[in-house]
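Quick look at what TrEMBL annotates:
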- 2-186: domain 'Formyl transferase N-terminal' (DOMAIN)
- GLY12, SER13, ASN14: N(1)-(5-phospho-beta-D-ribosyl)glycinamide binding site (BINDING)
- ARG69, MET94, ARG95, ILE96, LEU97, ASN111: (6R)-10-formyltetrahydrofolate binding site (BINDING)
- HIS113: active site, proton donor (ACT_SITE)
- ASP149: site 'Raises pKa of active site His' (SITE)
Amino acid sequence: MKNIVILISGSGSNMAAIARTAQKEHWPDKLGVRVAAVISNKPDAGGLALARDFGIATDVLSHRDFASRETFDAALLARIEAHAPQLVVLAGFMRILTPGFVEHYAGRLINIHPSLLPAFTGLHTHQRAIDMGCKVAGTTVHQVTAELDHGEILAQAVVPVLPFDTADTLAARILTQEHLIYPQAVRAFFALKKLSEA
Ligand SMILES: Nc1nc2c(c(=O)[nH]1)N[C@@H](CN(C=O)c1ccc(C(=O)N[C@@H](CCC(=O)O)C(=O)O)cc1)CN2
Ligand SMILES: NCC(=O)N[C@@H]1O[C@H](COP(=O)([O-])[O-])[C@@H](O)[C@H]1O
């Protein structure tokens, strides 16, 4: 069985979209792939309850309990390794990961970012797009590298920015697209991996 570990910090709707797709498409039986665990750096992340509803193991490791990014990342890596993942998925995980952590998972660590990278790296992407007068916005699935939001782009989806959009209305429109492209990107990762091993 090939394991996926998903890291979250909040509501976990992208995690749930992946778990729901895995369930609906019978990934464990058909692909030999399963979501083995969901790990949050926030004890109150709503996504933890969602994961439990899917019968997925959950874990919490608060970054506040560590003196440095490096020590947090080392402890996080140990928790992830307990599930021996072939793929680590960041889904609303809101911590910048250290180069050592990223190096360990190079090529099998992905993220979804709510902008059309390379535009609007970092935070508050929706408001920044509105403030700039963008007519389109969107979301990007990318490989995670040490440089924030700069890894190889794997998938993107575009949405219109409407005249009276707020950050919340734009975020909701983007989220709908994220729930479609992220599960597809995860499935494609394993399909490509299978082809490369053939
Ligand atoms: N080394 C990398 N780490 C992470 C990446 C990446 O590409 N390389 N992607 C991010 C996800 N992300 C945007 O998609 C992102 C997450 C968090 C932050 C950030 O500034 N975090 C602050 C804390 C913010 C908070 O706790 O609310 C921080 O870590 O100090 C920017 C972009 C995941 N990690
Ligand atoms: N920089 C990272 C970032 O902002 N990620 C964004 O957080 C949301 C998570 O929602 P979810 O917790 O419901 O999946 C998603 O829109 C994702 O693109």
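Each Cβ is built from the backbone N, Cα and C atoms, and glycine gets one as well.
The shown structure was predicted, so the numbers you read here are calculated from the model rather than taken from an experiment.
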In sequence order, those binding-site residues of ARG69, ARG95, LEU97 whose CB lies under 6 Å from ligand 2: none
From GLY12, SER13, ASP149, the recorded positions whose CA lies within 10 Å of that of the residue listed as 'active site, proton donor': ASP149
Listed recorded positions among GLY12, SER13, ASP149 whose Cα sits within 10 Å of ASN111 ((6R)-10-formyltetrahydrofolate binding site): ASP149
Candidate recorded positions GLY12, SER13, ASN14, ASP149, pick with smallest Cα gap to ARG69 ((6R)-10-formyltetrahydrofolate binding site): ASP149
Rounded distance in angstrom between the Cα atoms of LEU97 ((6R)-10-formyltetrahydrofolate binding site) and ASP149 (site 'Raises pKa of active site His'): 11
Sequence-ordered recorded positions from GLY12, ASN14, MET94, ARG95, ASN111, HIS113 with Cβ under 6 Å of an atom of ligand 1: MET94, ARG95, ASN111, HIS113
Of the binding-site residues listed as GLY12, SER13, MET94, ARG95, ILE96, the one whose CA lies nearest the CA of ASP149 (site 'Raises pKa of active site His'): ILE96
Secondary structure of the residue listed as 'active site, proton donor' (DSSP, helix/strand/coil): strand
Residues satisfying Cβ distance under 8 Å from ARG95 ((6R)-10-formyltetrahydrofolate binding site), sequence separation of at least 6: SER9, ASN41, HIS63, ARG69, PHE72
